[in-house]
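A.B. asks: Pulled these features from TrEMBL for this protein:
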type: BINDING; residues: His22, His24, Glu108, Asp219; note: divalent metal cation 1 binding site
type: BINDING; residues: His144, His169; note: divalent metal cation 2 binding site
Amino acid sequence: MQKSQQPPELDQDEETYLIDSHCHLDMAPYSDDLDQVLDQALQAGVRQIITIGIDYESSAAAVALAKRYDSLFATVGLHPHGAATASPEGYHRMEELAGDDRVVGYGEIGLDYARNYAPRDVQLREFRYQLDMAKNLRLPVIIHDRDAHDDTMHLLRQAAPFPAGGVMHCFSGDLALARQVMELGFYISIPGIVTFKNARALQEVAARADLKRIILETDGPFLAPMPFRGKRNQPGWLVYTAMQVARLRDTSLEEIARQTSANTRNLFNLPLPGGET
C-alpha cells in the first residue's frame with residue numbers, strides 16, 4: 001500500500017473503536033481472502049461488523065459467517081431488487097432464520113426506483129409486508145432508499161412506531177430528510193461517499209445532523225471511500241469515512257469512533273467487543 005494510502009491511526013481503548021454497520025461479506029469479492037480482510041479491519045480499529053442479507057440465500061450465508069467469527073453479526077431480509085421473488089414460503093424461512101441469536105436486525109429492505117428491477121407496486125407491497133415482519137420480530141429495520149424518498153418516508157410513517165428502531169442505510173438525502181428520519185426515532189448511516197468531492201449534500205448532513213443519530217458503514221464490497229474509489233471496499237477502510245466525518249464536524253477521529261460505535265451498539269443491541277453486554 002502506498003504511503004499516501006495509509007489509514008488514519010485511531011487511538012483505541014475499550015470505548016474507542018469502529019463498527020461497520022453494513023457490509024456484504026458473503027459476496028464473491030471476499031471469497032478468497034476473508035480472513036485477511038477481517039484481520040486488516042481489526043488492525044484499523046474496526047472491532048465489529050454487521051453483514052447484511054438481501055435474500056434468503058445471502059441471509060443464511062450472513063448468519064453462517066456470524067456464527068464462524070465472533071466479531072460478525074448478521075441481518076436477514078429481502079432487498080427491493082428481489083421483491084418479485086417474494087413468497088409466503090420464502091418469508092416463513094426468513095422468519096425462522098431471524099430467530100438465530102446472531103441476527104441483530106431485519107433488512108435490508110425498502111425501495112429502489114433507480115433501477116426498478118422489480119415493479120414499483122411490487123416493491124411497495126413487499127416493503128409494507130417486511131416492515132410488519134420486522135416489527136413482529138422485534139428487530140431494528142435496515143432501510144434501502146434509492147431515488148424513492150417520498151414513498152419510503154410515507155410507508156415508514158404509516159408503519160410507525162418502530163419500538164426496535166431502524167436505520168436509513170447509505171443515506172442519500174439532504175439535511176431536511178435526515179431530520180425527518182431522525183424524528184421517526186431512526187438513525188442515518190454515512191457511507192464512504194461522504195469522502196467524494198462532489199458529495200456536498202451528504203457532507204452537510206455529516207457535519208450538521210445530530211451525531212447521536214449517526215452510524216457509519218462501508219456497504220462493502222461497494223462504494224469504497226477515497227483514496228480507493230472504484231476498488232473493492234472492505235471494513236478496514238471505514239476509518240477513512242470516520243476521519244472525513246471528524247473533519248467535517250471539526251472534532252477528533254476518536255470522538256466520532258466512540259459516538260458512532262455507541263449508537264450502533266444501542267440500535268442493534270450489540271455486546272461490547274469481547275462478549276460483555
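Glycine residues also receive a Cβ, built from the backbone N, Cα and C atoms like all the rest.
Nobody curates TrEMBL annotations by hand; they come from automatic prediction.
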A.B. asks: Given the binding-site residues His22, His24, Glu108, Asp219, which lie within 10 A of His144 (divalent metal cation 2 binding site) by CA-CA distance?
C.D. replies: Glu108
A.B. asks: Between His24 (divalent metal cation 1 binding site) and His169 (divalent metal cation 2 binding site), how many Å separate their Cα atoms?
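C.D. replies: One finds 13 Å between the Cα atoms of these residues.
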A.B. asks: Among the binding-site residues listed here, Glu108, Asp219, whose Cβ has the fewest other Cβ atoms inside 10 Å?
C.D. replies: Asp219
A.B. asks: How big is the gap, in Å, between the Cα of His169 (divalent metal cation 2 binding site) and that of Asp219 (divalent metal cation 1 binding site), rounded to a whole number?
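C.D. replies: Distance (Cα to Cα, whole Å): 9 Å.
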A.B. asks: Can you give me the same-chain residues 6 or more apart in sequence from His22 (divalent metal cation 1 binding site) with a CB-CB distance under 8 Å?
C.D. replies: Ile50, Ile52, Glu108, Ile142, His169, Cys170, Ser189, Pro191, Glu217, Thr218, Asp219
A.B. asks: Would you mind checking how many other C-beta atoms are within 10 angstroms of the C-beta on His169 (divalent metal cation 2 binding site)?
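C.D. replies: Step by step: centre on the Cβ of His169 (divalent metal cation 2 binding site), count other Cβ atoms within 10 Å, giving 25.
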A.B. asks: Other residues near the divalent metal cation 1 site, CB within 8 A of the CB centroid of His22, His24, Glu108, Asp219?
C.D. replies: Cys23, Ile52, Ile54, Ile142, His169, Cys170, Glu217, Gly220, Phe222
